[in-house]
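> Starting off with a structure, shown below.
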Amino acid sequence: MVLGDVFVLAFVPAACVVGIVFALTQWYIVSRVSVGGHVSNNGYMHVDEDGVDDSSVVAKCAEIQAAISEGSESFLATEYQYLGVFMGIFSVIIFVFLASVGGFSFDRQPCDFDPAQSCPSSIANAFFSTLAFILGAVTSTLSGYLGMRIATYANARTTLEARRGVGKAFIVAFRSGSVMGFLLAANGLLVLFLTILGFKLYFGDDWVGLYEAITGYGLGGSAVALFGRVGGGIYTKAADVGADLVGKIEQNIPEDDPRNPAVIADNVGDNVGDIAGMGADLFGSFAESTCAALVVSSISSFGTDRNFVAMCFPLIISAAGIFVCLLTTLFATDLFTIKEMKEIEPTLKRQLVISTVLMTGAIFLVSWYALPETFTINVVGHEPKVVKNWHIFFCVGSGLWAGLIIGFVTEYFTSNAYQPVQDVADSCRTGAATNIIFGLALGYKSVIIPVFAIAAAIYLSYSLAAMYGIAVAALGMLSTLATGLAIDAYGPISDNAGGIAEMAGMSHEVRERTDALDAAGNTTAAIGKGFAIGSAALVSLALFGAYVSRAGIASVDVIQPKEFVGLIVGAMLPYWFSAMTMKSVGKAALAMVEEVRRQFRTIPGLMEGTTKPDYKRCVQISTDASIKEMIPPGALVMLTPLIVGTLFGVETLAGLLAGALVSGVQIAISASNTGGAWDNAKKYIEAGNSEHAKSLGPKGSDAHKAAVIGDTVGDPLKDTSGPSLNILIKLMAVESLVFAPFFAANGGWLFRIWT
């Protein structure tokens, strides 16, 4: 190891500042596209390539963008009010439970690393854990909000640039996605690093106590992400399903037709669900994987030797990732240009490959220079594991490359450029039933290779560095977080751009370009969900290992009745959760369908386009339904570890976490990919870019109607239940880790009474 403390203190904040400055630069470049006038600030005239220009179209785009932005902000303001109440109540629970472990004592206690020294009291530990929880929740909330703001800021600008060509529109959408990616990655890392430095002023050399308190940061981030994903997912899918069922199926009008009352709510949903919810989700994954690695490292020889550089290794990895992602972004925005629609998807895929290759070299350098040549990792119930620094390179690298494999497999199963989705589209010839059958089969099949990739990464990492290896493997998968978020956020921005083009009455050529951007965005969104699910599996396992260590469990034996009961109940939880979220979407969609039908039935001139629909009423229905319906599934996830740990003890809770992890990963991948395939099968028919696609279309044909039904069924799978499941498995794990001291001291009283 050659790096010193000063390097870490300079490098990590510098990476964060560079990431924030780069994000703001991208934002400035996007802002130079005007939505308020005839000519943009950079001097380019917004005209179609055929020379047609209409200032009323620009004004219409600005009006639609304002409506989408207003609806998004209104929903998030309402949601965050409820979240604020929840965070206040749960902060009290954390403080009371953890402070009770030491009898609410203010007396300092002997340190684990040296009983001759004194460490902070139970009250102090509880206070700092609660503070970390609040900081994580606030940072996660800010991440989601900033993502929503840039998305609503960029959607109309992407539409207007599509008039100048698909390459111009792509640049705007991708730069806007980069703003979210770099702001989230940099802000999350900076807040965490400053929190560690601030807490260290009090904890001193007690790295174990410090990093155990820091786990609250991950809990706060994922708690917000859960409600953001579930609430946003219910919102967007209620509007989407309502708009599709009445608009496209019953009224036979195009998608995003301005006559459809649910169209604004649908576009708002893309921002509050796929942007704000997804941003909070991946922030939670980053926070939890980092916290898991920090907790495990604190009980290694790093902690014993008080090696500051090695203890900050997870943070250095993330900081290096920001620089790598910055270089990668330049390949899409500056070094290469898109001239044809068929180049969009390869360009986005190239981002994944470039970032992975560059990050591999960065991981090697960081592992070589930031870690001791040899060190030990403590393993509960076993001899300490002797690890070399190059072992960690392979651990982090296995997670990084497993993520790339998951991304490619997800693309293969969800992109309409490949055979699986084309087969699903072809099955629409014989109706919706065969479309559903083929889509479900595709989703189940798509699980196979990602699970093998995750299993290989887990085996290699654990063999080389025990649970620390798994924790840094998860961090490796998330090390290119800024790039992953950029291509993920690009999707909803492009989707909104297409909707605005339709509502503003732009030409067919512009709509073709935005459709091409949107189709690629559907695939990148599916890839982003695949990354989130894969990283959640590794993060959850790392948190599970940290929980077992902190709870003092020597081994988890699934043959024992306590563990087996927890295992089978845990495997059931993802099904229970999915049932709740899907039914919530169905109930909200029912209300939306009735409202859309009512407006078509009662508003004179609506179908003729001479009267505007009541968009605000549909926005309000989605808002009310999502806020109401997000509470039960959120309560299921948040209360289950508390109830099981308190009543049945640490062993049963360990089984529960294992069961939820194994079951949840499979369902999440399958649901996300099935929904993504159905969506792109519909777009494949609508685009008609091949003879096969033309034989299934055009819009309004029987095959197209069958594809729309499949897309509608898949909406809650890919945008509500599927992506929320990865939060379920990691949130229960990090919550169990935070409350482990309480469960170890006071849990299992029901079994004690029974026996």
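Any Cβ shown, glycine's included, is placed from N, Cα and C.
Got these off TrEMBL a minute ago, pasting:
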- 6-30: transmembrane segment (TRANSMEM)
- 82-106: transmembrane segment (TRANSMEM)
- 126-148: transmembrane segment (TRANSMEM)
- 169-197: transmembrane segment (TRANSMEM)
- 308-331: transmembrane segment (TRANSMEM)
- 352-371: transmembrane segment (TRANSMEM)
- 391-414: transmembrane segment (TRANSMEM)
- 466-487: transmembrane segment (TRANSMEM)
- 531-552: transmembrane segment (TRANSMEM)
- 564-582: transmembrane segment (TRANSMEM)
- 636-669: transmembrane segment (TRANSMEM)
- 727-751: transmembrane segment (TRANSMEM)
> What residues elsewhere in the chain lie close to the transmembrane segment (391-414), defined as a C-beta under 8 angstroms and at least 6 residues from its ends?
313, 317, 345, 349, 352-353, 356, 359-360, 363-364, 367-368, 371, 420-421, 442-443, 445-446, 449-450, 453-454, 456-457, 460-461, 464-465, 468-470, 472-480, 522-523, 526-527, 529-531, 533-535, 538, 672-673, 676-677, 680
> What same-chain residues lie close to the transmembrane segment (636-669): Cβ under 8 Å, and 6 or more beyond its ends?
90, 93, 223, 226, 443, 446-447, 450-451, 454, 529-530, 533, 536-537, 540-541, 544, 547-548, 551-553, 556, 558, 560, 562-578, 580, 721-723, 725-729, 731-733, 735-736, 739-740, 742-744, 746-751
> Considering only Cβ pairs under 8 Å, which range in 169-197, 308-331, 564-582, 727-751 makes the most contacts with the transmembrane segment (466-487)?
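Checked against 169-197, 308-331, 564-582, 727-751; highest Cβ contact count belongs to 308-331.
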> Counting only residues 6 or more past its boundaries, what in the same chain has a CB within less than 8 Å of a CB in the transmembrane segment (169-197)?
12-13, 15-20, 22-24, 26-27, 29-30, 33, 132, 135, 139, 142-143, 146-147, 150-151, 153-154, 157-159, 161-162, 210, 214, 217, 221, 275, 279, 282-283, 286-287, 290, 312, 315, 318-319, 321-322, 325-326, 329, 332-333, 338, 344, 347-348, 481-490, 493-494, 497, 513-514, 517, 521
> Per the 3+ Cβ pairs under 8 Å rule, pairs at least 6 apart in sequence, do the transmembrane segment (6-30) and the transmembrane segment (727-751) touch?
no
> So which residues does the transmembrane segment (82-106) touch in its own chain, when a touch means Cβ under 8 Å and the partner is 6 or more beyond its ends?
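For the transmembrane segment (82-106), the list is 121-127, 129-130, 133-134, 137, 141, 216, 219-220, 223-224, 227, 627, 631, 634, 638, 642, 738-739, 741-742, 745-746.
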> Same-chain Cβ contacts of the transmembrane segment (126-148) under 8 Å, 6 or more residues past its ends?
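Non-local partners: 72-73, 76, 80, 83, 87, 90-91, 94-99, 120, 180, 183-184, 187-188, 191, 195, 199, 202-203, 212-225, 228, 271-272, 275-280, 283-284, 287, 489, 738.
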